[in-house]
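> Input: one structure, supplied below.
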Amino acid sequence: MKIAVLPGDGIGPEIVKEAVKVLNALGEKFELEEAPVGGAGYEASGHPLPEATLALAKSADAILFGAVGDWKYDKLERALRPEQAILGLRKHLELFANFRPAICYPQLTGASSLKPEIVSGLDILIVRELNGDIYFGQPRGTREAPDGNFKGAREGFDTMRYAEPEVRRIAHVAFQAAQKRQKKLTSVDKANVLETSQFWKDIMIDVSKEYPEVELSHMYVDNAAMQLVKAPKAFDVVVTGNMFGDILSDEAAMLTGSIGMLPSASLDKNNKGLYEPSHGSAPDIAGKGIANPLATILSAAMMLRYSLGRPEQADRIESAVKKVLEQGYRTADIITPDCKQVGTVEMGDAVIAAL
Ligand code: NAD
């Protein structure tokens, strides 16, 4: 089992180190190979996704990714900015299905900004399409407006588009995920305004015929944003396009108290995947030894479950994380009174002790 380890920037190396420590404590034979990515890739070879890093990612069975980005690279041209590495990996490896679970652990309900009764026991899975939509659609750019009220003025434009096979494949992934859970799937769109969304909705309905045991419902994205804070426990699996999923998955993340707890997986059609915490590189706390490594450790658990065929090891890690929370260990981002505050390394050690 070959794992490409791409720590990246900011807190990336600190949290990935803890996840690697946990993987090594499982007693399995992993071949772990590390390479620079993001700002670290740019420093090493002038590009955020160096060729050797991409080659390693392609040859591996799974990729464990930290985070990329730092304010010091904001002045670089867009193609050289650290964040391009993650877009490049998604594109080159055809990682089209993004799984973002939002789970509110009972011990952490106090850390959520919502009332405990609204979030306690929350367990949502957001399935976001990652390869298409307005983030990649062509044409895009700036130009002189060819028509409309502002004809002749400078304008910026992007293109929202989805091809039928793209929608079908994410629909199947989402229905299959719902089959393994509460069998409720909510497809989020903006079909009252957007042609692309109506097309998306029609295909969801068509694919639903193959999954009669899954209850499919539809919700406009503006309503979904409201329902997520009003009654989040009403959701089981949510499937949506790239842009809506980007926004809603961050909203769902905050319901749980801390983005430092949330793992994610981005999978291709063969379940090869890139696993990373849902948060970014947190340059504001990098190097201080206080970052929460649990999202990355839980991402490693998802990797064992989805790409490496070791669900029992995934269960072990997830149980160990629950145990350290029960024992009262907390990093600064999830601290509540009466708990024991620990740093990044101590939290990793606590998970290994619990294993
Ligand atoms: P961020 O997620 O890095 O940080 C937001 C806030 O959450 C910060 O206050 C940070 O300290 C805190 N935080 C994040 N992770 C934490 C953890 N594990 N433990 C404790 N606290 C944590 O988002 P941002 O500040 O908007 O972005 C910072 C950089 O990260 C930017 O360059 C951005 O482009 C990049 N980014 C990268 C990814 C990625 O690599 N996939 C995703 C999002 C943002």
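Cβ atoms are placed via backbone N, Cα and C, with glycine included.
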> The substrate site in TrEMBL lists ARG90, ARG128, ASP222. Which one of ARG81, ARG100 belongs there according to the record?
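Matched candidate out of ARG81, ARG100, per TrEMBL for substrate with ARG90, ARG128, ASP222: ARG100.
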> Comparing the binding-site residues ALA282, ALA286, ILE290, which residue's C-beta has the most other C-beta atoms within 10 angstroms in this structure?
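Answer by Cβ density within 10 Å: ALA282.
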> List the residues of the same chain that sit at least 6 positions away from LYS288 (NAD(+) binding site) in sequence and have their Cβ under 8 Å from its Cβ, in sequence order, or write 'none'.
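Those within reach of LYS288 (NAD(+) binding site), by Cβ under 8 Å and sequence separation of 6 or more, number none.
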> Take the C-alpha atoms of ASN292 (NAD(+) binding site) and ASP250 (Mg(2+) binding site) and report the distance between them in angstrom, rounded.
17
> With a radius of 8 angstroms around the mean position of the C-beta atoms of ASP222, ASP246, ASP250, what other residues of the same chain does the Mg(2+) site pick up?
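After dropping the recorded site residues, what remains is VAL221, ALA225, MET243, PHE244, GLY245, ILE247, LEU248, SER249, GLU251.
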> So which recorded positions out of ARG90, ARG128, LYS190, ASP222, ALA282, ILE290 end up within 10 angstroms of ASP246 (Mg(2+) binding site), measuring C-alpha to C-alpha?
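Near ASP246 (Mg(2+) binding site), where near means Cα within 10 Å, the recorded positions are ARG128.
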